[in-house]
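Right, one structure below, let's go through it.
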């Protein structure tokens, strides 16, 4: 049976295989992440920092395990851009993976909503919910899908937070995926990335939610708009928020890639040269 399926279903086009692998990896990651966020909200643990750290780390770990050997399972458009800038993947693959990441995240948002539809209705946050009820933005519910800052946080503080978190994430990701560095074994790589995400999230998520991943924030935000949560999910703080967790991780990832390459990647002696995990064949 397995041989028959392998023969009949095998897809010759590498780009399609990578897209499907990355989309499924992202779907796994976001399903676990959003499902955990919903559980935290319904159980009154949305402000439990340790709970948030644990589901952030384990969600991305199992997402990487799904398609890591096929597409690389970077499952983060900002990190995907960073590794493309360093020449570790082609620009074509960068576009393929990024599209899969956004779409996989969007589909996961829809599935989690359907699974928790009855619970959302019971908590007054179902299909007829609007984010302003009455006239007060319900960040607690909208925050199931995407991140929102503390009310006191100024725009410049939010921008710096997102850039810095993404930069740290990129430092760590490039280091543990670099054969020339103290890279973990293949089977432990997803765990190392999960621990990295947990550490950065625990250190810097309090004021912004530390999305660090454009597809993690934008796709669920778009879904929450589509299901009727109101334009407030985008217009919050006079449209001065939604673009920060969407675009600033790209800036942080590019800075992180540049700094890592200048200070570490370009400084290996000739005898230490190797190949990156994400180098295209």
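Glycine is treated like the rest: Cβ placed from N, Cα and C.
The membrane topology recorded in Swiss-Prot places residue 88 on the same side as residue 268. Annotated range for transmembrane segment in Swiss-Prot, selecting from 91-115, 116-140: 91-115. Taking Swiss-Prot as the reference, the stretch among 1-17, 188-204 described by the feature transmembrane segment is residues 188-204.
For the transmembrane segment (18-36), same-chain residues at least 6 beyond its ends with a Cβ under 8 Å from one of its own Cβ atoms are 11, 51, 55-56, 58-60, 62-64, 66-68, 70-75, 93, 96-97, 99-101, 103-105, 107-109, 111-112, 115-116, 144-145, 215-216, 219-220. Recorded stretches compared: 51-69, 91-115, 158-175, 242-262; the one with the most Cβ pairs under 8 Å to the transmembrane segment (188-204) is 51-69. There are 14 other Cβ atoms within 10 Å of the Cβ belonging to residue 117 (N-linked glycosylation site).
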